[in-house]
Each structure stands twice: as structure tokens, then as C-alpha cells.
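Record features (TrEMBL):
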- 34-163: domain 'tRNAHis guanylyltransferase catalytic' (DOMAIN)
- 57, 104: Mg(2+) 2 binding site (BINDING)
- 57, 58, 104: Mg(2+) 1 binding site (BINDING)
- 57, 58, 59, 60, 61, 62, 103, 104: GTP binding site (BINDING)
- 166-281: domain 'Thg1 C-terminal' (DOMAIN)
């Protein structure tokens, strides 16, 4: 684009204005001989009428947790930071209808009708990953106070499509079942180490081949711990969804024939709310029927 400046002298004095125009050479440059390289790009448009799930996993988070002295088996500060970062992603990308997280992973579900980034998988995944990672760093002090962040965390991601509500619910059920399996193991493992005096190798050997019932029995009979009484956040993970909430705020208004005064105003707003509950059964979905789109659509 070329910019020119034209001035003229009139009765009212000297006046100038700017003229912008495109030259033919600029247009030619936009269609240069190098543009053929775009043909190497892969078409990664996600299939229509499918839920798009972007799942993030912490990369080398065992080392990251050790370096930052996370509490075992669960550090509520770290779990809170993960949820806060996920909330940031949902507030940025409002087509995400639900997200579910546990440990160092979070899954984000875009509604079937979403057309964000023209449904390009690479765009969706990189945007979610970058927003989540930057939020993790940004909100670190809110959860860890003056404990320094020694090095930046990183998260890898993948995109998976699910065509039906049943498919999507089974995916989320799979992730929550994984939460239960891992948390039960870690709870028993670290109880054996911290309260039972075993080394990590001894605790690992003790748990080889054990079933869930065996692990529950170890906790109850040896340490008087009922696993069902452990924090639901640790056992069930975190589900984030959009909820409408009525809120009342004060607003200064001037009514007819009256002086300006504070008047309460009630309005409805969508907010991201956290739930630590079972999402495998029917109750959660019956209480929140607007989360999923109708399969008939």
C-alpha cells in the first residue's frame, strides 16, 4: 500500500489530506512464486457434527512435581491451579461446553456445532495448550504464594472426535474411572510410605497384583482409613461447566422526579462452575441437561 499526501491552498487557508492506494506491484507480491508452498499444508478440518475433545497432559510432570515439592499423594494447590487454568481456557473459548480434569490432565469438549478456527484441529489444540500453559504460569502465585516457579511447565495435546452423546459420555467416564484407579493406588502407596514406614520400592512390591478391594482393606485394617471418606476432589476429579447465575448489583439511577440513588438490579450471567461429583451415572446429566446437544440434531 502506498500513502500520498496532497495539500492545496484555498480561501480558508492551506489544507492537506492523506491518500492511500494499492500499487499493482504490491498486489503481485501477494501472489508471489513462493505461494505454492501452501499446498504442503495438511487439511486437518474436524468432521462436522462431532464433539471435538482436546486433551492436555503435563509433560514430565513427575519431575516437575518433585522439583516443586508437591505434596503426596495429592497437592490441593496444584489441583486448584490446574482447574483455574482450565477455567481460563473456557472463558476464552466459550464453545467449550464441559471440561474434566484430574492429576496433570484436562479434557476440553467443544460443542458439535462449533465453528471456532473453522474446526481446524491444529488451531484448536494449539490455542487450548498455549492458553492453558500461560494461565498456569500466570496464576502460579495465586496458589503457591512465594514458592518460586523454577521452570516453565509444558503440556502436550491431542484431538479426538466423538459423534454421539454416548461416545462422549463414555470418554468422560473413562477419564473419571482412570482418576479413581490412580488415586486409590497413590493413596495406598503413599500411606504405606508416610505412615507405614516402607520405602517406595517396598510399597510398590506390596501392591503388586492387588485388586481395588485389597487396597481398600489395607487402608482400613492397617491405617483405619475409609477411602470413601477421602476428599471427593481427589476421588472424582473436577468437571467445569457453564451455569447461569442470578446476581444482584447496585446501580446508580435517576428516577423521574427523584434524586439519583442506588437501585438493586438483578441480572443473569453465565459463569464457569466447578463440580466434584460422579459423572459416570445419570444424576449429573439429568441435573445439567443443557450441557450436551440433542443427538437428533
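Cβ atoms are placed via backbone N, Cα and C, with glycine included.
Bear in mind that TrEMBL entries carry predicted annotations, made automatically and left uncurated.
Mapped onto DSSP helix, strand and coil, the domain 'tRNAHis guanylyltransferase catalytic' (34-163) counts 58 helix, 31 strand, 41 coil. Residue 103 (GTP binding site) sits 9 Å from residue 57 (Mg(2+) 2 binding site), taking the C-alpha atoms as the reference points. Ranking the binding-site residues 58, 59, 62 by Cα distance from residue 104 (Mg(2+) 2 binding site) puts 58 first.
Of all residue pairs in 57, 58, 59, 60, 61, 62, 103, 104, the annotated binders of GTP, the farthest apart have Cα atoms separated by 13 Å. Highest Cβ count within 10 Å among the binding-site residues 57, 104: 104. Counting residues per DSSP class in helix, strand and coil order gives 57 helix, 33 strand, 26 coil for the domain 'Thg1 C-terminal' (166-281). The Cβ of 60 has fewer other Cβ atoms within 10 Å than any other of the binding-site residues 60, 103.
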